[in-house]
Structure formats: structure tokens, C-alpha cells
Amino acid sequence: CLFTFLCQRSRESAEGGRVIVEVDDKVAKVRNIKVDSRLDGTWDSRDKTVAFSFDYCYWSVDPEDPKYASQEMVFQDLGTSVLSGAFRGYNICLFAYGQTGSGKTYTMMGTPVSHTIHFTLRAEGGTFLEIYNERVRDLLKQSDRKKPYTLRVREHPETGPYVQGLTQRLVTDYRQVVELLEEGIAKRNNLPYLYFSLQAILENNLPSEIASKINLVDLAGSERADPSYCRDRITEGANINKSLVTLGIVISTLAQNSQMFSSCQSINTITSEGENSHVDSPSVGSISGTRRPAYIPYRDSILTWLLKDSLGGNSKTIMIATISPASSSYNETMSTLRYASNAKNIINKPRVNEDANVKLIRELREEIDRLKTMLMSFELRNSSPSWSDDRDGNLTELVLQNEMKVCMIYLML
């Protein structure tokens, strides 16, 4: 996973609120206003700031500031990696989390002049949905006003969770993707979660195609995870709270499991070194077997169920944490940064989405190229004719065998 912190100008700071956030390269420092407000000088200076490190940190508060990060800069760092990963056949997920008004939607969608993601692929299937009160609504279809949220989430044993009956539009260029986004946004009810997905088909010279998926997720404001939110709208508040709290539990549990896996690998390495040195040490099985990976409650909410692959699964995931630099948002800022810092520990298992036969052909071609390179190298050196001839004959035979395997696979497809 890749984790990004983005500090943007907020209404509070624009109205003269005190700025308590500082960005130093890849570290975000937050001034502790609880300590800062004390009159005595007994506190250690290190207690006055809390630091969080991320893969990228952006300062988007003042356009006149030399450190100011524009939308284009964010795209160059994140958008290009999203596209390059998709072109290589990986599933990609980019989702934004943070306080309402801190810049989540702007970061994800851009502006009419400058959109966040700009690309051209041969063909894709685009879907757009929103989640409200633990129900799914199709934003590319004219829904029944009486029952707009009737779609169900299912799970395929190979491809993972999906929404049954969701409209999928064929798009072939950037303009059509933007039109799809604009159509869905126009139909949204300004409700918590937006989930835009593109199924990309990648052309190659093999007998099959490589598919990838790009998911863009705009989450609800992080302050809505507070039980006191939406007291006047009990059902909405409870469901928003459920989704965000469940997301927090999933992230926390995945992080714990990933840390446990890393610890087991370290123990395995130490044990192997001990065996090589003839030093008695406890077996890995007895250590790692004392604790099993914790259950991940993906299905406890629609949001986490749909994000199952993106969190700990087959996906390259980018999380963008957006915050306000104003002192009045201190509690939400700290909550968001702790949330993102915890999520950094999650280990995903991304893999290229390609047919097994296509993968075999690709590997055989790579092996053929490697053997041909070795043949050329031996021919150029030719230091020992008798040995070289035998070796050349063996390499030539291997090349022919691999080329025959490729031909046989083509015939079977």
C-alpha cells in the first residue's frame, strides 16, 4: 500500500484560524494544542509536536508558499503510478479519507478544467455507485424513486466482491470517462460514499488479454464516525458510523496480521541462521503456531466488503488522508493521521491479472530470450571449442524445446 498525507486550505484557516500543521519532506508535524496552551514551561519541547511519516506529504494551504503542492503535482506522483500499474495488469485502488471540507472530493475528482486522472486505453467497462444507509445505488441508471437502493453485493470465488445488476458502460477514451463521472456526480444525493470503477482491457500480442481494475473511492467525512453525528437522523448517523468504524476495525486487524506475519518471517530467518550455526533454537511452528491471524470482518459493512480486494488483497492501493491545518480541527486531524498511520502496516498481495496460459507463454518467451543471449555470449567468447560446441548444442536444444511448447499452447487455445 502507498499512503499519502494532504494538507489543504480549509474554511477555518481562511477565516484566520491558527495553523498547527507543518510539512517537512515526508513528515507531517502537528502542534499539540493541549500542551501548547499550558502556561508553565515544564513540558519537553518534543511533547509539543506529534510527527507522522508517510510515502508523500503535500502542503496545499497557500498557493504563494514555495512548498505549495498543486493538483498537477499530486497527479504526477500518484496518478501516473495508478495508470502505470493498471497498464501492467494490476488492480489499483485509490481512496480518500479525512474530515469534511479537507479536500477529499477535490483531490479525487479534480476540477472541470483539471481532472485528477487522464488516460487513454483501448476499452473499459465503467461503473459508478453510491452507498447510503448500507444500501447500493447505481448512479448510471435511472432508479425507481420509491426503491432506488435495491442492488445486492455478491462475491465471486475468483474475482471477489461485486454488485449484482450494476450498469457497466463501455468507454474508449478519456472524454467518455469524464462524461461518465459527470453523469454519476449529477445524480448523487451528496451522500457519504462514492465508488467509481473502471475495468480495463489491455491489448498485447498474445492469444488472450490482460485485465485490470481501477477503483476510485470518495469516503464520508471522518467526523461522521463520531456517535454524536447526525443525532437528528438516527438511521443515517448509525449506518455512516457503522461503515467507518468497520473500516477502522478492518484496517487495524489487517495491520496487526501483517505485523505478525513480518515477525514470523524474522523468527524464521533467525532460526535458519541458528541451525546453520548449530545453535539450539525453538521451532518456528511452536512460536508462530501460538497465534493465528485474526478474522477480518469485511462483510460487516457494504463499504468494507467492496473494498475487500483493495485492503489486504489483490490490489495496489493508495490511501490519501486529507486534513485541515486549523487549530479548531485538531481532534479530527489527529484522528485522521493516526488512522492512516495504522493503515501503513497493511501488506497487500497484488498480482498481474492474466490467463495461466498467457503467463506460461510469456515466461517461455523470456526463457527463450535468455537462452539466446547465452548462446550469443558463448559464440563470441569461443575460448574452448570442444566445450563450447557441447554447451551451444545444449542451449540450442533448450531453445527449440521452449519454442515447441509455445507453439503447442497456441494450438490448444
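Backbone N, Cα and C atoms are what each Cβ position is placed from, and that goes for glycine too.
Record features, source TrEMBL:
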type    : residues                                     : note
DOMAIN  : 32-346                                       : domain 'Kinesin motor'
BINDING : G98, Q99, T100, G101, S102, G103, K104, T105 : ATP binding site
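Shown on the structure are the features that TrEMBL records.
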{"residue": "G98", "record": "ATP binding site", "CB count, 10 Å": "30"}
{"residue": "Q99", "record": "ATP binding site", "CB count, 10 Å": "22"}
{"residue": "T100", "record": "ATP binding site", "CB count, 10 Å": "15"}
{"residue": "G101", "record": "ATP binding site", "CB count, 10 Å": "18"}
{"residue": "S102", "record": "ATP binding site", "CB count, 10 Å": "29"}
{"residue": "G103", "record": "ATP binding site", "CB count, 10 Å": "22"}
{"residue": "K104", "record": "ATP binding site", "CB count, 10 Å": "26"}
{"residue": "T105", "record": "ATP binding site", "CB count, 10 Å": "15"}
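Averaged across the domain 'Kinesin motor' (32-346), pLDDT for the predicted model comes to 77.
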